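Novice: Per Swiss-Prot, the feature GTP binding site maps to 33-40, 60-64, 78-81, 145-148, 178-180; the stated evidence is sequence analysis. Summarising the annotation, Swiss-Prot assigns Mg(2+) binding site to 40, 62. The domain 'EngB-type G' annotation in Swiss-Prot covers 25-199.
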């Protein structure tokens, strides 16, 4: 298997609309999740760069899409966090339409990393994203983030609950525990991204 050096990942650009990516070559893996799911922390942990993905002081405030270059033909797409309660309804609708259009129409998107706080998994919008991705034949890696908040035993219990709810989708969806703080699951995340890169490039 190809082993990529994620430490060399660099910021490419920010855009306000997914149609502005305007890059036809290579493959993309998108990171998506609620505003407080630990998305930025996961990208920083993956790349071993503390400030690559910037944190917003107000969750959900940033509506920009951030692109990061891993190799010349492999990009990470950091989609805006969703579910921010104070976001205007029109913004929420626009976001949902944009995401569905991206999942359905992007030729470069080959995988989706969906991040969920292990304490509050499978909220309504998480389930919507899973349905959208599966309908569009996009494979999913589901990270149960902040697992360090639980004891090892409770991690296993929560993992099993999520596993059972998604049991019928496990051919297209993989679930794993993750903690940016304790460095849990980072190597498995790299392995999955390497697998997608080798399979689809």
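Note that the numbers count up from 1, one per residue, in the order the chain is shown.
Placement of Cβ uses the backbone N, Cα and C atoms for every residue, glycine included.
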Novice: Name, in the order they occur in the sequence, the residues of the same chain whose CB lies under 8 A from the CB of residue 64 (GTP binding site) and which sit 6 or more residues away.
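Specialist: Listed in sequence order: 14, 15, 16, 80.
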Novice: In this predicted model, what is the average pLDDT of the domain 'EngB-type G' (25-199)?
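Specialist: Its mean pLDDT is 91.
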Novice: Can you check what DSSP calls residue 33 (GTP binding site), collapsed to helix, strand or coil?
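Specialist: Assignment for residue 33 (GTP binding site) reads strand.
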Novice: Counting other Cβ atoms within 10 Å, pick out the least crowded of the binding-site residues 36, 40.
Specialist: 36
Novice: Validating a neighbour-count step here. Other CB atoms within 10 A of the CB of residue 39 (GTP binding site): how many?
Specialist: 25
Novice: Roughly how many Å lie between the Cα atoms of residue 40 (Mg(2+) binding site) and residue 178 (GTP binding site), rounded to a whole value?
Specialist: 13
Novice: Work out the three-state DSSP category of residue 39 (GTP binding site).
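Specialist: The residue in question, residue 39 (GTP binding site), is helix (DSSP, three-state).
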